[in-house]
Amino acid sequence: MATEHTEHVVVVGAGQMGAGIAQVALQTGLRVTLVDVSEEGLAKGAGRIRAGLAKLVEKGKLEDAKRKAAEANLATATRLSEVKEVDFAVEAATENEELKKRIFQELDGVVKPGGVLATNTSSIPITRIGAVTKRPESVIGMHFMNPVPVMQLVEIIRGAATSDATYEATRALAVRMGKTTVVSRDMPGFIVNRILIPMLNEACFALMEGLGTAEDIDTAMKLGTNQPMGPLQLADFIGLDTCLSIAEVLHKGLGDDKYRPCPLLRQYVDAGWYGKKSGRGFYKY
Ligand code: CAA
C-alpha cells in the first residue's frame, strides 16, 4: 500500500498502548483519531501523547514545528461511528475477547474498502477476531511492545484468511513508524510472549521457592544476562494481571504443564497487586 493510502489512522483504546501507538503514528505525519468510550480516558491519553511529543522536542529529537503539526493531526472521538474515511485501524482496547469482537464488527463499517483492521492483542487468536467481520482478509495482528515510543519491535500475525495485501500494508506502516517487524504464526503468545512469559513465570517460582530475594533474582538476570530490567521488575512493569492472563492463555492453548501459572503470581493478582500501575507488585511504587 502506498503511503498516501494510510493517511488516516484510527486507534481504538486510549490507554498506555493506544496512546503510544497514536503518538508514534503522529510523529510520522499521519492523521490520527484516538477513540475511547471514556471521555476521561481520552483526555488522559491525549495528554500522554502531548507530553511524549514535548519530551522529544526537549531532547532535540523532534522539531517544534513537527510537534505542532502532529498535535494538529490528532482528533479524538468517543464513538467509532463518528469517525469517517479510515484507511487503517489499530485496536488497542482492553484484552477482552467479546469487547474486541464488538469493536471489529464496528470497524467493519468504518474502515474504507481495501483498508486494514489491525489488533494489538497479545493473546487472542487473530483468526477468531477476523471471523466476526465480513472481511477477514483485511484483519491482522500488529503487536507493539511497551513502551511503544521506545521499543523497536512490532510482531505481525497473519490470521488464517489474512491477505498478502493486508500484510504488506501493515508491514509498510510499521516500517514508516520506525519499527522492525517479525512475522509470527497465529499461535498462543505469538513469539515474544511465548518465550518471555514463561521466563517471568519461572522468576515467580524462583521467588516462591526462596531461591533468592526479589532483588537478587532481578540483579542476577539483569547483570548476568544483560537485560534492561530484571524479570520481576519487568513483570511489575507489564502488569501482573496481564502476565497471569497471558500465562493462562499459553497453558490452556498449548496444553503443556510447563506453562502453569505460578501460584504466587495468582495470589498477588488476587490481592490486587498488579505491579507498577497499582502501586504494588513484587516491589512497592
Ligand atoms: N514512553 C516514552 N519514552 C520512554 C518511556 C515511556 N513510557 N520510558 C522510557 N522512555 C525513554 C526515555 O525517555 C529514555 O529516552 P532517551 O534515551 O532518549 O533519553 C529511554 O526511554 C530510556 O529511559 P530511561 O533512561 O528513563 O530508563 P531506562 O534506561 O531504565 O529504560 C525502559 C526504560 C526503556 C523501559 C527499559 O527499562 C526497558 O527497555 N525495559 C524493558 C521493556 C520491555 O521489555 N518491554 C516489553 C514488554 S513485553 C510487551 O510489551 C509485550 C506484551 O504483550 C506483554
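Even glycines carry a Cβ here, placed using N, Cα and C.
TrEMBL annotations: computationally assigned, not manually curated.
Among the features that TrEMBL reports, domain '3-hydroxyacyl-CoA dehydrogenase NAD binding' is placed at 8-186. The annotation NAD(+) binding site is assigned in TrEMBL to G13, A14, G15, Q16, M17, G18, D36, E95, K100, S122, N146, K277. The site 'Important for catalytic activity' annotation in TrEMBL covers H143. Marked as domain '3-hydroxyacyl-CoA dehydrogenase C-terminal' by TrEMBL: 189-285.
If you measure from the Cα atom of D36 (NAD(+) binding site) to that of H143 (site 'Important for catalytic activity'), you get 19 Å. Confidence over the domain '3-hydroxyacyl-CoA dehydrogenase NAD binding' (8-186), given as mean pLDDT on the 0 to 100 scale, stands at 97. In the three-state DSSP reading, G13 (NAD(+) binding site) counts as coil. Between M17 (NAD(+) binding site) and H143 (site 'Important for catalytic activity'), the C-alpha separation comes to 10 Å. Proximity of the binding-site residues G13, G15, M17, D36, K100 to ligand 1, judged by a Cβ distance under 6 angstroms to any of its atoms, singles out none of them. Secondary structure at N146 (NAD(+) binding site), as computed by DSSP, is coil. When each of the binding-site residues G13, G15 is scored by how many other Cβ atoms sit within 10 Å of its Cβ, G15 comes out lowest.
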